[in-house]
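**Student:** Quick paste from Swiss-Prot:
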- 1-21: transmembrane segment (TRANSMEM)
- 27-47: transmembrane segment (TRANSMEM)
- 49-69: transmembrane segment (TRANSMEM)
- 101-121: transmembrane segment (TRANSMEM)
Amino acid sequence: MAVQLVLNFIIAVFWLFVTNSYTTNNFVLGFIFGLVLVYLLHRVLPGRFYVITLYRIIKLIIIFLIELIKANFDVLKIIIKPSIKNEPGFFVYHTDLKKDWQIVLLSNLITLTPGTVVLGVSDDRTKIYIHAIDFSTKEQEVESIKTSLEKIVREVGEI
């Protein structure tokens with residue numbers, strides 16, 4: 001991916017020199033021209049076409065921000081309630097992710113959402129130990145992690 005992106009920037013800068021016009025519009029035109037060239041050459045360049053990976057990373061960021069906003073509202077509801085009826089507790093989340101960086105990324109995303117903290121990962125890397133501020137919603141929490149965060153982390157990892 002990095003090789004393709006650097007090559008695209010080199011083509012865009014080369015386009016500026018060839019056209020002898022150093023404007024932003026011309027750079028964008030050169031970048032689009034480079035994008036087409038990199039796409040035509042992506043079979044001989046290492047890795048998957050970088051736009052696909054870039055799209056997946058942007059999708060990961062958007063999904064995480066949505067989950068972050070939802071978790072903020074959940075914690076806000078707990079804080080605003082006059083009586084405390086939440087049940088904090090620990091649970092084990094079983095993951096299917098294989099690569100270490102994917103497990104670390106998922107753990108960080110879980111920790112960054114309010115109301116949950118990852119305490120550790122098992123030695124065989126199949127279980128993530130999580131503390132939740134409201135244990136009564138464990139099934140919802142597991143389903144939310146499985147269908148959104150873990151799914152998109154797996155997609156980003158498919159190279």
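Note that Cβ sites are derived from N, Cα and C of the backbone, with glycine treated the same way.
Remember, it's a predicted structure, so these values are computed and weren't measured experimentally.
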**Student:** Within the same chain, where does the transmembrane segment (101-121) have neighbours whose Cβ lies under 8 angstroms from its own Cβ atoms, ignoring anything closer than 6 residues to its ends? I mean 6 or more beyond.
**Tutor:** 64, 67-68, 71-72, 74-75, 78, 90, 93, 95, 127-134, 141, 145, 149-150, 153-154, 156-157
**Student:** Quickly jot the same-chain residues contacting the transmembrane segment (27-47) by Cβ under 8 Å, restricted to those at least six beyond its ends, or write none.
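**Tutor:** Long-range Cβ neighbours of the transmembrane segment (27-47): 1, 3-4, 7-16, 19, 53, 159.
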**Student:** Under 8 Å between C-beta atoms and at least six residues away from its ends: which parts of the chain pack against the transmembrane segment (1-21)?
**Tutor:** 27, 29-31, 33-35, 37-38, 42, 45-50, 53-54, 159
